[in-house]
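Right, one structure below, let's go through it.
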Amino acid sequence: MSATRAKKVKMATKSCPECDQQVPVACKSCPCGYIFISRKLLNAKHSEKSPPSTENKHEAKRRRTERVRREKINSTVNKDLENRKRSRSNSHSDHIRRGRGRPKSASAKKHEEEREKQEKEIDIYANLSDEKAFVFSVALAEINRKIINQRLIL
């Protein structure tokens, strides 16, 4: 029977001023009929009775923190710093931003890469002289001939 004995739980209690009975803190009234007044209601009643002064108004209102705004100082140093920051941001704008969220599909990424390659490809042989082009073509022909001969042996 000792194993099944319930564990004693201590509750937060308050005592009733009329009957000295222990009542749970969450209860607003005692079984004897006494009603506990909450601190919020007590403070509200006090503020209704006495008109609050300018100091009490600030205390009675809930304190709200406001965002502190810094004043901008007009100086050439600050302007130079702003210009530097802007120039950096412009240089970063060249990079393509990655899309946020879940990617649509893998094929869309491949299409983007192909587009980038097409845009980046520049004809490096456009400014090539005829003599250089002939030398390169002869070199390529020799390389191709060697590769073909290797395949025939295997």
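Here the Cβ of each residue, glycine as well, is placed from N, Cα and C on the backbone.
Annotation comment: Swiss-Prot describes 43-119 as region 'Disordered'.
Among the features that Swiss-Prot reports, compositional bias 'Basic and acidic residues' is placed at 68-84 (among others).
What Swiss-Prot records for Ser91 is phosphoserine.
According to Swiss-Prot, the feature coiled coil maps to 104-132, an assignment based on sequence analysis.
Taken from Swiss-Prot, the feature compositional bias 'Basic and acidic residues' applies to 109-119 (among others).
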Can you break down the compositional bias 'Basic and acidic residues' (109-119) into helix, strand and coil residue counts using DSSP? 11 helix, 0 strand, 0 coil
Averaged over the whole of the coiled coil (104-132), what is the pLDDT? 76
